[in-house]
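Step one of this worksheet: look at the structure below.
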């Protein structure tokens, strides 16, 4: 009975973490409706919105590298694998929080993060490894959003080069420092998913109406380097759960998160599969030299709308990727638990500067996704969670006292360990090994062709 009581406290009602705001008036109700979320639906919108952002525009490029059949299979495969490791992260979070609350640890005004989960369950060495990979991935994830903003806006207004647009959108995205936590992304998550849904179906319908270009060729997969580069971009696509712990912590009842990421992935697949397949069908090998699918579609009001909506969504996704970095920085300088939003916002600004700088150095929209996917995503959200789960529950006592036991459908603990071993070996060999080799070769080729600090990556020459 005592154990059940503890579990109810931990995985039950999270509302206790919120300050008492007294009687609710119309202003507080409006704030809760648009600003202050923590439900299962909020978590689902956050996961789905965060998972498919600018990468939606690069998946046709990946299809041209992989071919149609491999592109579809890799999306399904990595979507399932990403949902599995997100599930593992949720189990480890609940296990960590249970143990800490048994020790009477109060998380009021403190956001639990992935590296703290690793520290509490496995020690400081795991914490340091997790902190390095997680922060580096989120740093470059934010960089990619800035690059995508400049790449997209150029198709509406090419009076400025992409580097100048990066300067402008870097300043715009810096305003995310004023959003306190994932609680406050309620309306943004909803709008973000609406925006990507519009863009995905625009790509699908516009490509089908446009039809196949004259002499279209579908030669992929043609080279091994391109094949594994495309595969790691899809690995990156479904590796957006580096913020899983922060999203869970923003929920009133975190134990309900278990299947949310899977449900989000299933919806995302209804966007990514039709759009990537349709654009590749229409333009074929032309996509090998156009990593942004919008570049090949004729300019119309519908395309301009898609560009604008993606720009807004990339601002939202920048906030998703950067908010955990803000938390880490706040904890490092000792102001994480302060209640002053303005003070925290000013302290967060230095985090944006290196992101801005890196986006100007490496403006390679598309190839940088694969590089980040193979070198960082492979460890951050696939290998480390699988290994951490196996080691945490290796002792028989840990398995007996586990807050969440493995579902019978996967074969209990033995089945769970088997799946985890497969994830580690596959991602280490295919994702990090072959994918790292291929994506680095492709990335180096982009550097040699265009150079660092290039003013306008893949821009058509003006007459």
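In case you wondered, yes, glycine gets a Cβ from its N, Cα and C as well.
Marked as domain 'Amino acid transporter transmembrane' by TrEMBL: 36-429.
If one looks beyond the transmembrane segment (72-94) by at least 6 residues along the same chain, the residues whose Cβ comes under 8 Å of a Cβ in the stretch are 10-11, 47, 59, 66, 112, 114, 117, 121, 230-231, 234-235, 237-241, 244-245, 248-249, 254-255, 257-259, 261-262, 265-266, 268-269, 272-273, 276-277, 381-382, 385-386, 388-389, 392, 403-404, 419-420, 423, 426-427. Residues annotated as transmembrane segment in TrEMBL: 72-94 (among others).
Within the same chain, residues 53-54, 57, 113-115, 162-163, 165-166, 169-170, 173, 242-243, 292, 294, 307, 310-311, 314-315, 317-318, 321-322, 324-325, 328, 354-356, 358-359, 362-365, 368-369, 372, 376-377, 379-381, 384, 457 sit at least 6 positions outside the transmembrane segment (131-153) and bring their C-beta atoms closer than 8 Å to a C-beta of that stretch. Annotated transmembrane segment per TrEMBL: 131-153 (among others), in sequence order.
Nonlocal intrachain contacts for the transmembrane segment (165-183), taken as residues 6+ away from its ends with a CB within less than 8 angstroms of a stretch CB, comprise 35-38, 46, 111, 142, 145-147, 149-150, 153-154, 243, 246-247, 249-250, 311, 315, 318-320, 322-323, 326-327, 341, 344-346, 348-349, 351-352, 355-356, 359-360, 363. Per TrEMBL, transmembrane segment is recorded for 165-183 (among others).
Marked as transmembrane segment by TrEMBL: 190-213 (among others).
What TrEMBL records for 225-247 (among others) is transmembrane segment. With a threshold of 8 Å between CB atoms, the same-chain residues lying at least 6 positions outside the transmembrane segment (225-247) that come near it are 43, 46-47, 50-52, 55, 58-59, 61-66, 70-71, 74-75, 78-79, 81-83, 85-86, 89-90, 93, 111-114, 117, 134, 137-138, 141, 181-182, 257, 261, 265, 268, 272, 288, 320-321, 323-324, 327, 366-367, 369-374, 377-378, 380-382, 427, 430-431, 434-439, 441-442.
Residues annotated as transmembrane segment in TrEMBL: 259-283 (among others).
The transmembrane segment feature in TrEMBL is assigned to 306-329 (among others).
Nonlocal intrachain contacts for the transmembrane segment (349-368), taken as residues 6+ away from its ends with a CB within less than 8 angstroms of a stretch CB, comprise 54, 58, 61, 139-140, 142-144, 146-148, 150-151, 162-163, 166-167, 170, 173-174, 177, 229, 233, 291-292, 322, 325-326, 329, 439, 442-443, 446-447, 450, 452-454, 457-458. Taken from TrEMBL, the feature transmembrane segment covers 349-368 (among others).
A Cβ distance under 8 Å defines the sequence-distant neighbours of the transmembrane segment (374-396), meaning residues of its chain 6+ beyond its ends; these are 81-82, 85-86, 88-89, 91-92, 95, 118, 121-122, 126, 129-130, 133-134, 136-137, 140, 232, 235-236, 239-242, 244, 402, 413, 416-417, 420-421, 423-424, 427-428, 431-432, 435-436, 438-440. Annotated transmembrane segment per TrEMBL: 374-396 (among others), in sequence order.
Listed as Cβ neighbours of the transmembrane segment (417-438) (distance under 8 Å, sequence separation of 6 or more from its ends, same chain) are residues 81, 84-85, 88, 224-229, 231-232, 235, 370, 373-375, 377-379, 382-383, 386-387, 389-390, 410-411. The annotation transmembrane segment is assigned in TrEMBL to 417-438 (among others).
Within its own chain, the transmembrane segment (259-283) has Cβ neighbours under 8 Å at 40, 43-44, 47-48, 51-52, 56, 59-60, 62-64, 68, 71-72, 75-76, 79-80, 82-83, 86-87, 90, 196-197, 199-201, 203-205, 207-208, 210-213, 216, 218, 237-238, 241, 244, 290, 293, 296, counting only residues six or more beyond its boundaries.
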